[in-house]
Every structure is written in structure tokens, then in C-alpha cells.
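According to Swiss-Prot:
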type     : residues                              : note
BINDING  : 11, 32, 59-68, 123, 185, 194, 214-215 : substrate binding site
ACT_SITE : 61                                    : active site, proton donor
């Protein structure tokens, strides 16, 4: 199993911290840039990653009215990233507009369109929170599936889901639908605020295409060793 299945979350506050981590973990090929770092650094961090021939998951989780989402996706697609996200709860019209805008933005910039991935349910949300806080009566696995199927119907390339839903989504959505799993925790790492996690090997065996792993690697006393341990774990997965 290739370690390019692992996307390491570059969840640091500024460009300088990001560069230090990128250079420390030279063998990492795929990095996630999220809200904190992109808000702090802007497109500069994407240029840093591209200059080092790294793949990029731009995880900004757009969630707004269709016109606004489309504009943001059109701009983001021009950066030449590999994956980007939108909340499925933005609705059908926004999802459709976003997908069309991604194609337009990439064409205008002369780059390959990124895969547009829908966030189903944040991995920090429990079934209890879904029911009590968000007032959604569906069972969490079925709600995640409904969001993924809506995204697939609107032409999106895949979905973000917890490892606990990935097997069900893989069975229903098929092999060509890209499934990205955050909330992955090795047995030796703390769960933190992740409510619905599995180990890296369990998530891949369940059907995940990519794993997003942050703190178990980046906050480890020895990040290089943590990265190697997880990579080694995945070599046993067929």
C-alpha cells in the first residue's frame, strides 16, 4: 500500500511553521491546507507546496448560497490543487454550481480540474449531536449516505466521511467515487475531538481512498517516526 494514500493535515498557524513541517517531513507527498493556514498564509502556501512537487488538498469546506460558492470554487480551482471541499448541506443547487465553476476556473487557469469532494458530516459530530443539536432525525450513517448520494447525483467526484461510514458509502456509491476519511487515529494516538474514528489500516480496508491524518503525526514528539509508523502499518493492507 503506497503512502500517497495519507494526506497529512498542515494544521499550523502560519507559513513559517508550515514550511518547517514540510521540510521536516520530506517524504510526505500529499498535504492538506485548511482554514487556519489558508486564512493566515493565503495562496502563498500553495505555491510553497507546488514548488516542492507536493499534492494539495485544499480543505476550505465552502458553504454558502450557490452564486457565492460558485465564485469561490472558480477561484480555488485556478490554484492547481488536487482536491477541494464543499459542504453537502449547501444543497443541490450549490453543489451543481460548484462543480461547473471548478471546471470553468481550471480551464481559465490552464490547469487540471481538482476533484470536488462533498463533506457529509463532520467527524467531530456524534449521533447524539446530530439529533439534539442539529435537529436531524435521520440515523447518522444514513444521513451521511444521503449527503454523499446527493453529491454524486450533482456530479461531484467524491465525499468526505468518517471511517465508520466509509464501508457503507463504498458499497452504495461504487468504486469510482472518491472517499476521503479524516478522523483516523492509530491505536497509539489520542482520539482528541474525533468522535467516529478507526485506525489507518481499518479505514483503508473499509474502502477509503485517502486518509487525512494530522495531530498523530504533526503533534508527535517525533513526527518523522510517527509518519513512518503509520506508513508501515499501511504496507500490510492489501
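A Cβ is built for glycine as well, from the same backbone N, Cα and C atoms used for every other residue.
Ranked by Cβ neighbours within 10 A across all protein chains shown, the recorded positions 60, 61, 66, 123 are led by 123. Under 8 Å, Cβ to Cβ, and six or more positions away along its own chain, residue 63 (substrate binding site) finds 69, 86, 87, 89, 90.
Of all the Cβ atoms in the protein chains shown, 20 others lie within 10 Å of the Cβ of residue 11 (substrate binding site). The distance from the Cα of residue 123 (substrate binding site) to the Cα of the residue listed as 'active site, proton donor' comes to 13 Å.
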